[in-house]
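K.L.:
I have a structure I would like to understand better, so I am pasting it below and will then ask my questions one at a time.
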Amino acid sequence: MSSKVFLRDKVHVNVGTIGHVDHGKTTLTAAITKILSTKGLAENKSYDQIDKTKEEKERGITINTTHVSYETEKRHYAHVDCPGHADYVKNMITGAAQMDAGILVVSAYHGVMPQTREHVLLAGQVGISKLIVFLNKCDLVKEEEWIHLVEMEVRELLNEYKFDGDKTPFVRGSALKALEGTDVEGINKLLEVLDEYIEDPIRDVEKPFLMPVEGVHTITGRGTVATGRVERGKIKISEEVEIIGLKETKKAIITGLEMFKKELDFAQAGDNVGILLRGITRDQIERGQVLAKPGSLNAYHKFLSQVYILTQQEGGRHTAFFSNYRPQFYFRTTDVTGFIKLKKDVKMVLPGDRTELIVELNHPIAIEAGTKFSIREGGRTIGAGTVTEIIE
């Protein structure tokens, strides 16, 4: 853990880049840090530092979500770079669930593509209410009319998924040119729009502490660190938490708190933190569990839910499903197989239906009434739901 202290002298906002594979999300993230590093407001992160894994480097695509930190004159931003490849959408869901607002990156050269649409849908499902659009690769397009058509297409898409497409700000630029230092105007404009268009988030600090575990690391001689974004509440060093879901519930004492390699005296809703846990070994905690105030939450495996099943046009199923259908259910940072039971008077569920479902999961998950989830099958999102009542 670090010896530097994190200063809370600016509003902290979580943002991130979403969009189709190869449209420039990671290049844009790298360009933002490079430009702000010249003003002392960020640490310059190269493309290779953001796309970290061997497979990412070999394939030139982002697989895992990556966090970087930067500041403007007005705010401190935690920025998640989300994978755009269809195979890694579950990691994108985890990243998007941590954002207060999203930057949708669309290549002006290619226009709207399948993951553009899916990411906009998922952003809405995980509770993002505002997007900013960065039209990238504008330097490759000679006709102004083409860029205008792409912008109209994206605005229509945003309206379709209940974002305000007419008022959403669009910024044009080239992330690659900005990274090369030849055209930084688009990036400066984007940062200006982030500061102005995205309101200061209202943090849910009064409710009991809850943090979904996104990653787990070991610090030799110190203990195990759980990383994630605090969903609600506050926590201090020496307080006790419960580790809930997937396995037997365990208790642990917090011995350290850190955000972007700087120490915290407390963590609160909205913070991206590492929490050092005393007496917990690496194999006793995993991604998909949650840390919570003792007694505030339990793990369950059967519940009643209200769901919307996507139409074929929205990228969902082409056909109906029946009782005992077994898709994947995505909660916060985990996915679990479960089976569906339809209510007695319902014979089948069609794409486009809103309906009540009884869901039974293979493993217990920390849930309560109001917990949101996505339903996926065969690499695509087929529905979105909310837990309405716990059964067992």
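Keep in mind that glycine also has a Cβ here, set from the backbone N, Cα and C atoms.
Just so it is clear, the model here is predicted, and its values are computed rather than measured.
Per Swiss-Prot, domain 'tr-type G' is recorded for 10-202. Taken from Swiss-Prot, the feature GTP binding site covers 19-26, 81-85, 136-139. The annotation region 'G1' is assigned in Swiss-Prot to 19-26. If you look up Swiss-Prot, you'll see THR26 marked as Mg(2+) binding site, on the strength of sequence analysis. Look at Swiss-Prot and you will find 60-64 tagged as region 'G2'. Taken from Swiss-Prot, the feature region 'G3' covers 81-84. Residues or ranges marked as region 'G4' in Swiss-Prot: 136-139.
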K.L.:
Across all chains shown, how many C-beta atoms besides its own are within 10 angstroms of the C-beta of ASP22 (GTP binding site)?
P.N.:
18
K.L.:
If you count other C-beta atoms within 10 angstroms, which of the binding-site residues CYS82, CYS138 is the most crowded?
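P.N.:
Highest number of other Cβ atoms within 10 Å: CYS82.
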K.L.:
Test of understanding: give the count of other CB atoms lying within 10 angstroms of the CB of LYS25 (GTP binding site).
P.N.:
27
K.L.:
Secondary structure at GLY19 (GTP binding site) (DSSP, helix/strand/coil)?
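P.N.:
Looking at the DSSP assignment, GLY19 (GTP binding site) belongs to neither helix nor strand, so coil.
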K.L.:
Give me the count of other Cβ atoms within 10 A of the Cβ belonging to GLY19 (GTP binding site).
P.N.:
27
K.L.:
Averaged over the domain 'tr-type G' (10-202), what pLDDT does the predicted model reach?
P.N.:
82
K.L.:
I'm trying to understand the geometry here, so how far is the Cα atom of GLY19 (GTP binding site) from the Cα atom of THR26 (Mg(2+) binding site), in Å to the nearest whole number?
P.N.:
10
K.L.:
Near THR26 (Mg(2+) binding site), how many other Cβ atoms are within 10 Å of its Cβ?
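P.N.:
Step by step: centre on the Cβ of THR26 (Mg(2+) binding site), count other Cβ atoms within 10 Å, giving 26.
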K.L.:
Quick one: pull the CA-CA distance for THR26 (Mg(2+) binding site) versus CYS82 (GTP binding site), whole Å only.
P.N.:
8
